Amino acid sequence: MGGKFSSQVSQEDVIELQQKTHFDEMELMSLYEQFTRISNSQIRDDLIDQEEFREALGLTNSDYIVHRIFSVFDENGDGFINVKEFICGLSFMSKKATFEDKLKFVFRIYDLDRDGFIDKEELYNVFKASLDQTALSLTEEQMRSMIDSTFFEADLNHDGLISYDEFRLMVIKHPQMIDSMTLNKDLIALPK
Ligand SMILES: [Ca+2]
Ligand SMILES: [Ca+2]
Ligand SMILES: [Ca+2]
């Protein structure tokens, strides 16, 4: 690869990506190369499917969480991650992301129906998926009471939903809520 963007990415796209993300032109080229490699690692179609995604990013989260991360990347919802979606998504979850970026990204992982609020079911899904990864097993009742106490703490206006601002305040108190869902390694230097 000669470090050139292919026909998939125009010069305007590069400029747009530089404005939208935290990456400079060199980094974008490197990410583009990674995209080419990952998107052709299992099926050679220049699109990243869920299996290619999980493997390339070394995600060890549960299937539900990986599926949610994938969906947040897949902005147009077509079931594949194209080069722009890949680069924008990484900008929000990688080491280069600001706290606010990561917050937005993780909020969207929780917000399954994309209505801008986290309801109890959405929180339950993520908690359950995270617990399934640990040796800890809780009964349905214990799970529900954990959800209730989280809402008791987070749902400041008591409307039964966690808004983005409420989520933000909760994460400031419990930063581990987003740590497990963002990448701490540097994707730009992803090993082959
Ligand atoms: Ca897509
Ligand atoms: Ca929601
Ligand atoms: Ca609320």
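One is the number of the first residue shown, and numbering goes on along the chain from there.
Yeah, the Cβs are placed from backbone N, Cα and C, and that goes for glycine too.
No curator has checked TrEMBL annotations; they are predicted automatically.
With a threshold of 8 Å between CB atoms, the same-chain residues lying at least 6 positions outside the domain 'EF-hand' (61-96) that come near it are 8-9, 13, 17, 20-23, 28, 31-32, 35, 38-39, 45-50, 53-54, 102, 104-105, 108-110, 112, 125-126, 128-130, 132-133, 180-188. Annotation source TrEMBL lists domain 'EF-hand' at 61-96 (among others).
For the domain 'EF-hand' (98-133), the model gives a mean pLDDT of 93. Taken from TrEMBL, the feature domain 'EF-hand' covers 98-133 (among others).
Under the heading domain 'EF-hand', TrEMBL lists 142-177 (among others). Within the chain carrying the domain 'EF-hand' (142-177), a Cβ under 8 angstroms from the stretch's Cβ atoms is held by residues 103-104, 106-107, 110, 116-120, 123-124, 127-128, 131, all 6 or more beyond its ends.
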As a quick check of your reading of DSSP, tell me how many residues in the domain 'EF-hand' (98-133) are helical, how many are strand and how many are coil. 25 helix, 1 strand, 10 coil
